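Enquirer: My questions will all concern the structure given below.
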Amino acid sequence: MHACAQAWAGARQLLGGRSLEVSNSAGALQSLQSGGVGTAADEAGAALQEADTEEGPVLERTSRCPGQCTKYGTCNEELRRCDCPLGHNGTDCSVLASDRERRELCTAYGHTAASCNRVDYAQCINGCNFRGRCTGGFCHCRHGYFGADCSLSLSLDPAAAAAQQAGASASAPSAAAAGAAELLAGQGYAVRASGPRVYVYELPPYINVWQSLDRLDRPLMYMLWQRLLSAGLRVSDPATADFFFVPIRVRLAYDSRRVMDAVSYIRCTWPYWNATGGGERHLFVHTGDWGRDELSEEAQLLTANATWLTHWGLARDHDFAGWKQSHRPGRDIVLPLVLQHSLLTAYRLGRFGPLHPAGRRRERTTTLFFAGRVCGSRAQPWTNGTFPNCPDVLGKEDAYSAATRQRAFYHHHNRTNWKVVTSSQSYAVDMMTSKFCLAPTGGGQGKRGVLSVLMGCVPVTVTDGLMQPFEPELRWDRFGIDVRERDLQLMHEILGGLRPAQIEEFQSNLRCAAQHLFWSSLYGSLFGEDGRYDAFETLVQILRVRAAYPGLAPEEFAYVDASFAAFMTCGEGPAAAGQGGQKQGGGAGQVGAAGAAGAAGAAGTVGPGSGMLGVGGAGLQLALGRAVDGNGTARGGPVRRPRPPGAKQELCSHAELPTHAVTTCNKCVRRRGRLLNPGGTICCNQKDLAKCPRLWD
């Protein structure tokens with residue numbers, strides 16, 4: 001073990017042996033002792049030493065870790081690192097914390113007695129892939145398997161490891177070495193041909209898996225972590241990777257310390273952070289309201305070259321609101337929020353979904369609808385004609401939502417055929433019977449932009465400098481209206497100036513937009529979609545094009561890559577382009593001038609004033625000179641897998657409306673907890689994640 005790893009091992013021992021300061025005073029300690037059966041330490045020790053009762057494979061080989069690591073913890077055979085469950089420490093995890101220390105550790109990581117000691121596979125990434133035992137979020141993997149989800153093992157057959165990587169690269173010498181890591185051994189796992197290829201760092205468990213998932217309100221990072229494997233994007237050999245995924249939870253300002261710890265460990269253990277220019281091609285997920293701006297200055301500086309996937313797309317400072325630029329177009333990516341099941345149920349989208357082919361089409365008689373908080377203090381806004389129209393509770397004009405809600409209410413709350421109110425008892429019906437729905441910010445990005453689209457209501461965004469989910473790769477101007485803040489008082493004239501045909505075109509584009517903005521493969525189908533163009537696949541395609549054309553401006557993706565242009569309009573890409581393995585020089589993996597321009601035109605991205613490159617310019621040169629692998633082979637775009645005649649749709653449905661050849665998600669017996677189904681709901685009841693349905697390639 002080199003000096004850097006030794007330092008981290010010492011830090012872990014210190015963590016396990018010290019008394020942590022407990023900040024949660026909500027009674028967790030009392031509930032921890034309420035079971036009345038022995039001590040927490042005794043129960044944990046017995047659970048870890050008990051033989052697993054679940055069926056699953058065991059690899060017969062000598063462990064590379066010291067002592068009794070595989071008895072008490074999990075041996076990361078590749079790094080020769082012994083990973084310990086919560087409350088265990090030492091070089092082989094054999095040192096058990098005292099009852100008091102364990103109670104404090106459980107509380108510090110958000111656990112109660114039940115979640116800290118309970119065997120619950122819903123608390124672990126991919127449910128440990130049936131290759132381990134899940135206790136307190138930690139996978140105690142069977143001998144020979146390792147990783148946060150027990151998906152990794154050292155290949156007994158070097159040729160098998162190389163073959164697994166063949167889907168990612170025709171030449172993978174480092175994977176062919178004896179003892180190379182292999183994903184889902186024995187399941188026939190293969191990397192998706194079109195990519196992108198993503199390597200997931202295996203970090204010490206106290207950094208990313210000890211936390212209780214029950215305390216997560218936004219579990220997107222963990223869901224993406226699961227889905228990368230089931231979608232065939234994850235690779236076990238980092239030398240073949242296009243991107244490097246850093247699996248840590250970042251939600252609030254205090255998570256900055258976790259970011260710095262993770263980067264420090266990564267730099268200490270792998271060469272790729274420094275080799276990529278200090279974090280280039282590294283992916284982080286931030287689920288907080290203000291994205292990168294919530295990080296400490298030191299954490300922002302440390303990850304300045306990395307790509308942040310966030311919900312907050314503020315691309316420049318907003319002086320009035322006091323918001324600082326957080327999003328960097330072309331480097332970071334704005335992701336849509338994951339809408340909770342309770343919210344989708346409350347809006348009755350499964351029963352009355354207006355975008356579902358069998359859904360009821362109500363007449364949209366209201367011009368614009370908004371209901372929600374207007375004043376930051378939650379006070380009722382004044383309607384006596386004065387502005388500011390919110391109580392002066394902070395000694396200055398209310399800057400909540402950058403004052404867009406306050407100004408919209410002031411100018412339009414009493415406008416004929418508009419409904420701008422602070423609350424509504426018929427929220428869902430109001431959205432389904434309105435042509436336009438106001439989608440302002442609140443304290444952060446907010447959910448109305450996505451929810452409006454799902455309800456078939458054209459979203460009206462109003463915050464200057466704020467990029468919407470997947471913008472600019474996703475053309476929001478094809479299905480939404482953006483009103484500048486200075487024009488809020490004229491919003492009725494802007495909307496009233498649209499011709500009926502224009503409004504109809506916006507509405508007709510909403511179904512495709514909804515597919516890009518909803519995490520269908522994670523949650524399940526809601527409006528008859530099959531998950532092929534969902535938010536996860538949209539993120540994948542953006543990353544694929546970035547890997548193929550480094551430095552290309554996102555506004556030019558659809559012009560240069562015909563497969564991407566077709567995907568973004570929920571259409572079929574050129575079939576030959578996705579075959580991969582085509583030699584450079586205008587072959588099937590290439591996009592010619594006519595193909596690129598034609599597909600981009602179909603996507604609504606080529607034309608006067610579009611900001612796109614003209615035919616014959618630099619975009620054409622990029623189209624004819626695509627990125628290739630080391631052997632001169634170009635990876636093309638994805639190819640849609642046809643569904644056999646009579647076969648059911650792979651993705652289950654939550655819709656109560658009649659949907660042809662689709663099973664209900666109620667039959668997903670493994671679907672529970674914050675992470676829903678291992679591998680995403682697309683893998684409903686599939687034990688082997690390598691066999692999850694793949695909608696592309």
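Quick reminder: no glycine exception, Cβ is built from N, Cα and C everywhere.
Pulled these from TrEMBL:
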DOMAIN    61-94  domain 'EGF-like'
DISULFID  C65-C75  disulfide bond
DISULFID  C84-C93  disulfide bond
REGION    629-649  region 'Disordered'
Enquirer: DSSP helix, strand and coil counts for the domain 'EGF-like' (61-94)?
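Expert: Per-class counts: 4 helix, 8 strand, 22 coil.
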Enquirer: Could you round the CA separation between C65 (disulfide bond) and C84 (disulfide bond) to a whole angstrom and send it over?
Expert: 12
Enquirer: Over the domain 'EGF-like' (61-94), what is the model's average pLDDT?
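Expert: The answer is 93, the mean pLDDT of the model over that range.
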Enquirer: Does anything in the same chain, at least 6 positions from C75 (disulfide bond), have a Cβ under 8 Å from its Cβ, and if so what?
Expert: S63, R64, C65, C69, R81, C82, D83, F146
Enquirer: Looking at Cβ-Cβ distances, which residues of the chain lie under 8 angstroms from C93 (disulfide bond) while being 6 or more apart from it?
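Expert: In sequence order, Q68, C69, Y72, G73, C82, D83, C84, P85 meet the Cβ cut-off.
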Enquirer: Since the record lists C65, C84 as disulfide-bonded residues, which of them has the fewest other Cβ atoms within 10 Å of its Cβ?
Expert: C65
